[in-house]
């Protein structure tokens with residue numbers, strides 16, 4: 001079966017990852033000891049996408065957990081699902097990366113990376129037909145961003161033809177955790193542009209807004225934010241894990257969503273939004289799901305899709321519903337909001353339907369969109385980067401770990417190029433596109 005190997009790095013990545021496994025275990029009927037206690041044979045049919053079957057009928061997550069300090073790992077081990085992971089798959093150092101990308105990428109992280117790769121190799125060898133990797137990390141800190149991108153580039157070398165999907169938590173515009181976030185994020189994006197296939201962009205502030213505005217939580221905790229992220233992560237991969245009428249996998253998703261190889265940063269959304277522990281009290285309809293899913297307030301990153309245009313988008317519906325109704329709704333959205341879709345990619349919205357809804361809901365939908373408005377996030381980080389880099393503020397923390405200023409300059413210009421590319425396709429029209437092609441043909445004569 002098409003297995004996915006899950007890797008989580010750094011504090012943020014490990015906390016999101018731990019939540020994700022709780023959600024997946026719930027969907028597949030696996031309890032906290034790894035024993036199956038589910039009700040439907042469909043839960044087991046493709047359970048090996050995310051689990052290895054060990055002796056005694058236990059299911060063990062295909063997960064690699066890494067960090068440069070033991071803290072988060074220990075709290076996962078002590079948590080509700082701590083006993084389910086393979087003990088050898090916890091790989092951690094003692095020193096920490098101190099929010100320093102260079103430590104994660106070049107010094108501390110580089111010392112630990114081989115032991116992580118050994119575990120990854122062992123897990124990959126256990127797979128029948130490995131489909132790809134999913135990495136959870138944040139881009140603002142040191143470990144998830146520095147060591148995370150180091151691992152991604154090493155995996156890229158070793159498994160060049162496997163899909164690399166990342167769930168990357170961007171620094172938020174208003175909620176800043178550390179002052180050097182813009183440096184760490186820019187250096188990471190520089191790597192992700194080259195080495196990842198698909199990046200799902202998340203950001204804490206947008207998640208806070210959703211908790212606050214939509215879920216009416218007065219002071220949301222990281223647990224609440226991670227609950228939203230894990231719902232989306234589960235939605236993106238449900239087609240691989242359960243039977244459905246219109247299935248898709250990571251590669252199909254990429255083929256449908258990425259018109260140009262560098263533009264692989266996606267906005268994600270989820271519907272229906274419910275807070276932890278509250279059940280849905282009324283049945284949903286496909287039109288309601290569609291409406292909520294496309295709503296700008298529903299996006300999990302701080303960019304407004306109304307400020308740009310969608311190059312492509314994909315919607316994954318879950319639950320018992322009519323495929324015809326789904327298709328009608330999607331066409332309806334495109335017709336009503338045609339100005340928000342580029343006209344030079346016809347039929348640029350793909351939908352898939354999976355029969356099994358998430359636990360506690362009758363139906364749900366996950367949205368993944370490739371919108372040019374995501375440049376707002378890159379632009380914002382880039383401006384903060386430039387403001388500090390111009391004065392060479394905090395640079396000594398990086399140069400003392402052996403980094404060169406040149407690398408910063410390259411990362412900065414790569415980020416600016418990315419913003420310019422998004423802008424270029426946002427402004428492009430179908431007529432222009434035809435003219436360019438004609439010019440090209442004339443040159444070849």
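Every residue, even glycine, has its Cβ placed from backbone N, Cα and C.
Taken straight from Swiss-Prot:
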BINDING   11, 69, 138, 142, 143, 144, 204, 226  GTP binding site
BINDING   69  Mg(2+) binding site
REGION    425-445  region 'Disordered'
COMPBIAS  429-445  compositional bias 'Acidic residues'
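Most other Cβ atoms within 10 A: among the binding-site residues 11, 143, 204, 226, that distinction falls to 143.
Around residue 142 (GTP binding site), the C-beta neighbours below 8 angstroms that are at least 6 residues distant in the chain are 10, 68, 96, 97, 98, 99, 100, 101, 103, 104, 184. In three-state terms derived from DSSP, residue 226 (GTP binding site) belongs to a helical segment. The DSSP secondary structure for residue 143 (GTP binding site) is helix.
All protein chains considered, the CB of residue 144 (GTP binding site) has 32 other CB atoms within 10 Å. Within 10 Å of the C-beta of residue 69 (GTP binding site) there are 19 other C-beta atoms, taking all protein chains into account. The C-beta environment of residue 138 (GTP binding site), restricted to residues of the same chain at least 6 apart in sequence and closer than 8 Å, consists of 10, 11, 12, 13, 144, 145, 168, 169, 170.
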